[in-house]
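K.L.:
Features from TrEMBL:
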- 32-241: domain 'Neurotransmitter-gated ion-channel ligand-binding' (DOMAIN)
- 242-261: transmembrane segment (TRANSMEM)
- 248-484: domain 'Neurotransmitter-gated ion-channel transmembrane' (DOMAIN)
- 273-291: transmembrane segment (TRANSMEM)
- 303-328: transmembrane segment (TRANSMEM)
- 467-485: transmembrane segment (TRANSMEM)
Amino acid sequence: MNCASSELLIVNISNLTTVRWKHNCKCASEVEKTLMKTLFSNYTLKVRPAVSPEQRVVVRVGMILSSFVGLNMKNEEMSTIVVMNLEWTDYRLSWSPKQYGGIEVLRIPSGKVWLPDIVLINNNDGVFHVALHVHVQVYSNGRVTWTPPALYCSSCGVKVEYFPFDWQNCSMQFRSYTYDSTEIDVQYALNLRGQEIREIQLDEAFTEGGEWYIKHRPSRKVMLDDEYEGMVFYLIIERKPLYYVLNIILPCILITIIAIFNFYLPPDAGEKMGLSINVLLTLTVFLLLLADKIPETSLGVPIIVNYIMLTMILVTFSVILSVVVLNLHHRSPNTHQMPMWVRKIFIHLLPPYLCMMRPKVEAPLYLEALPRREKKVTTVSKVADEYFIRKPDMSVLFPKPNRFHSEGLCTDLRKFIDGPSSYLSLPEELKSAIEAITYIAEALQAEKDYEALKKDWQYVAMVVDRMFLWIFVIFTTVGTLAIFAEASFNRAPANPFPTTAKDVWFS
């Protein structure tokens, strides 16, 4: 056989194969077309596929979660992208595969077959149905499966008491919008082994978000409105609080520490009031930032708001107490007289317990103020003897100054000068010199007493400031631990369906 004959044979075989392939394709399409025409010749999509009026159509409902978009705390709305898994049996759409070229499954537009009308009841945007009406798959035994994708915005009542250490239980309630429990029977979807799927399935491409962690995703068959059977899908989610800890709680703690150290700032610094007011304004700004993220509800107050309010109260008191400290610091003997109980408590009693030590220790003081001019006056004759006959005792003529007996020396000298003497009378020049010395001594002693009493008031202000410092440290530490320790026990339940009657989440 030559080359020309071989080429002719190959061309004939190729043409024959092409004709047979086209014939087979034509036959397959014709068979499917005939099958479709046969199935829908007397088919009415508005009629429920039940053999008898008493028969309930079993509709199996499942859900595949593709993406958890998020939970809007402000609007109390959960957004999810899901794929619904619906399955039922329509006896009118069954055939024998042997009679129709071995065709076992048909893909038919969903608008041509009966649908159970399963919709999301607790939607938050008015959209009840799925986003895309994809084709249904009809099998030869009459089984119909429909897996339409949907973007659902469902309402979710949130609990804000433990924000941002909270967990939420959001549900999606599905039921037939048209048929009640006497017409359809809602059941769980089945897996490949024929077992019921009692939870939300996760898509293979599902990725978890950065704010929420899905703890449980169960489903439950329920009766809705006492006449409709439905399926409720739950998403029990826990918040990841790292963002709020770093951006809100940690700055608040640092601001609180600054407010505490405001009491360590000396009153003479001049910025004591300014620092307290700036801290108060900063906390107000933080509270305004939180207002946009928390739902407007009066059912509960988040713990983070409680903490900020506690801090604001403490800072407000720090402003008030700073005024008290500054008032004490600037007191003087000309305006205020220090009570003895103030001196005893804030100068002698409290400082050791507050880790304070005054550089110059005061001499022990009497519990009651000694009256001036109480010192016994030395007689003129004794003073004269001490002054003229024996060597003068300077402690007698000029006693040791004391700011609580500031007028004793002056009184003795005046009595010595003006009073009668049994031995002599002083010259006028000596009297003038003694009067000048007495005046200078009075002035120096008065100035010294003034400065000493003024420093006493300043020391009292320092003691009060240090006392408030320790009080604020204790209150801030205890308050912070009490608030956040309670949140540490707020965890999602290990069992999504508690058997106790106290749980109202899954009612």
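Using N, Cα and C of the backbone, Cβ positions are placed for all residues, glycine too.
Note that TrEMBL annotation is computational and uncurated.
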K.L.:
Averaged over the domain 'Neurotransmitter-gated ion-channel ligand-binding' (32-241), what pLDDT does the predicted model reach?
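P.N.:
In the predicted model, the domain 'Neurotransmitter-gated ion-channel ligand-binding' (32-241) has a mean pLDDT of 91.
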K.L.:
With Cβ-Cβ distances below 8 Å as the criterion, list the same-chain residues six or more beyond the ends of the transmembrane segment (467-485) that contact it, or say none.
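P.N.:
For the transmembrane segment (467-485), the far contacts come to 165, 253, 256, 259-260, 263-264, 303, 306-307, 310-311, 314, 318, 321, 325, 350, 354.
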K.L.:
Sequence-remote contacts (6 or more beyond its ends) of the transmembrane segment (303-328), Cβ cut-off under 8 Å?
P.N.:
161-165, 244, 248-249, 252, 255-256, 259, 262-263, 267, 272-273, 276-277, 279-280, 283-284, 286-287, 290, 294, 457-458, 460-461, 464-465, 468, 472, 475-476, 479-480, 483-484, 486-487
